[in-house]
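A short write-up of the structure that comes next.
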Amino acid sequence: MIRRQTLLLRTIKATSRPRYTVISHGESLQYCCRRRGISSNSTSELIAQGQQQQRKRPERPRRSLFSVPGSDERKILKAQTLLADSIVLDLEDGVAYDRKDEAREIVRNTLLDTSKTFVGGNSTELCVRINGLDTNEIALNDLNAILLCDRLQAIVIPKVESASDIHFVSRMIDTHCNNNKDIRIIAAIESAMGFLNLREIANTSTICGNRLDALVFASEDFCADIEAIPKAYSLQAIDMVHINFRDQNELKNECITGRQLGFTGKQAIHPNQIDIIHDQFSPSLKDILFATKAVKEFQHTTTIDGKGSCVVDGIVVDLPVYKWAVKMCKRAEKMK
């Protein structure tokens, strides 16, 4: 399966990436932007704002965020033996819809049961990934179940698209904990709209009691929702032209990088470029075969076994990957 990149910027090279890339507040954000070659004025202004608003409390290291399905007690038990900086008990994509209540209870008990110790001790951050706020009462039930648990240290909010998402969760924390508990917020930017509103989202770090602590970019979700930023406005994303039409190897490399960044096509200036472009922006036979298997296996797993994920050809297929696979199958059908 094609590895996806998280930031839709032409300067990023294709590399193998973990599912989550964490950009912490302030200096860490600046570093991550710099090493990706981001130099736009808007990004520089955002970094400058972050530097002016840096908090006095020490920054928690989050080199690794390890997610475990909240409905799987065996995997949660295994997670207790891991030295990840942050353990994320997932109530969202890792849990089948009809097991949400069960998962919520398991996660709550895990947070309340002090006998369930983690090998990392105090250095391991316990987080809960709630369901997206667009699920309404499901997300609200998640928050009501976990907010009074003493061991909860951070909440991961998926699919954040505006500052209001951060404001809502922050108010919920204040209401339940009387402003006394230092629960941090990690916002997952998984759509074009979230990327476009990144400035106002990041700015909530000081407005909402300094609770917003990190931004997470989830690659599969990104590509399931958008092809590139224009998709936020129901537009296709067409890459720039490769002007040296005689250099077909470089054209192919540009197509590969552009596709991995989320572009759906590329401009051409010479007939010899068309076949290469079509070949690179069409689903490969390998991807089609994997996607077909992934859709079939995931549907069987969720409906028959009641699980929120499965493994196909050594790759974990959860809801975001399933969405990608469905999209790939539809695309392949249209290109027949």
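Cβ atoms are placed via backbone N, Cα and C, with glycine included.
Whatever TrEMBL says is automated annotation, not expert-curated.
Annotated features in TrEMBL:
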- 43-67: region 'Disordered' (REGION)
- 63-228: domain 'HpcH/HpaI aldolase/citrate lyase' (DOMAIN)
- Arg129, Glu190: substrate binding site (BINDING)
- Glu190, Asp221: Mg(2+) binding site (BINDING)
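Confidence for the domain 'HpcH/HpaI aldolase/citrate lyase' (63-228), expressed as mean pLDDT, is 86.
In sequence order, Ser67, Val88, Leu89, Asp90, Leu91, Glu92, Gly94, Ile155, Val156, Pro158, Ala188 are the residues near Arg129 (substrate binding site), counting only same-chain partners six or more apart with C-beta under 8 A.
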